[in-house]
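For reference, the structure is listed below as structure tokens.
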Amino acid sequence: MAAEHTVHQLPSPLSIIGAKTVWDVDSQSLFYVDINVAAIRRYDYAENKTYSCTIDGVNPIAPVILVQGKPDHFVVGSGNKLLLVSWDGRSEKGTLVKTVYDLGESEKHVRFNEGKVDPKGRLYAGTMQLESLGDIFQQKEGKLYRFDGKVGGEFHMVKDGISISNGLAWIESTNKLYYIDTAALDIKEFDVLENGDLQNETVMYDWRVNGEGPGYFGDGMTNDADGNLYVATWGGSKVQKINPRTKKVELEIQIPAKFVTTLAFGGPQLDELFVATAHTDTQDPPAGALFKVTGLGVRGLPMTKMVLKD
């Protein structure tokens, strides 16, 4: 018998594009961003309260990455740069510390969008064309990189020809990476080599039926400890649980916001699914709110922090 789940709205600002959720086990907090408002947000589990900050000169912000051993420092994407910033988690202002990596003049037409740390502490970060330059669904200027974690160090491109770089999830037991380019309307599967490079790209799940999309798009993604994927749907008002072994949707969780962006397991037992959303001028609250889903009967895995070397 399937577990009965419940969706709870949490006290939080209504984000224009709330996204890039990451659970910090140490502080029992969920960090996420409002991309174009350029805010970092922190939901404090114990206080049941959300704090937000902006950083002068840093706009937009996506993603936000936790740094190993530095609880008040974060790596964020801003335009075509990765920046190290500091924030105490409560104040309304954070501080720019330094540039970690700059993609340079040849990549001025893109911005970072998604990034996550793999189980070995390596950052994977993906880009997309700037929205101001045209239809982001029709171009393929984005790339997915692996970063060696050293300030000013090397970026290794592991995939190109991407429209909108989004969901990332690693299943350690099978040594697979699952990846979403939103415009592609599918979930790609890769084998991960020892050095972090990717090979054997295949389509694990395709949203299209007879060549037609479902009217929504895959966005952010996470996984539970059993190896199932959870996908936020942009325009779909739901989270989908997808089993990579059967390639089937096993559960749909309805969210009271049309644009569901990203998600992460958290809470003291890692058994609560936190879900961020977006809102537009044509949508009413609770669109843009932060939610959590309880009663799923599964647990997530602790999210790895980035190992950043000077």
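Using the three backbone atoms N, Cα and C, a Cβ is placed for every residue, glycine included.
For the domain 'SMP-30/Gluconolactonase/LRE-like region' (22-279), the predicted model reports an average pLDDT of 97. The domain 'SMP-30/Gluconolactonase/LRE-like region' annotation in TrEMBL covers 22-279.
For R111 (substrate binding site), the count of additional Cβ atoms within 10 Å of its Cβ stands at 22 [all protein chains shown]. According to TrEMBL, the substrate binding site annotation covers R111, N113, E131.
The feature divalent metal cation binding site is assigned by TrEMBL to N166, D219. Residues near D219 (divalent metal cation binding site) in space but far in sequence (CB under 8 A, at least 6 apart, same chain), listed by position: A19, N166, G167, I180, T182, V231, A232, T233, W234, V260, T261, T262.
As annotated by TrEMBL, active site, proton donor/acceptor applies to D219.
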Tell me, how many other CB atoms lie within 10 A of the CB of N166 (divalent metal cation binding site), whichever protein chain they belong to?
29
Once R111, N113, E131 are set aside, which residues in the chain still have Cβ within 8 Å of the Cβ centroid of the substrate site?
I35, P60, A62, V110, F112, T127, M128, Q129, L130, I136, I164
Other C-beta atoms within 10 angstroms of the C-beta of N113 (substrate binding site) total 24
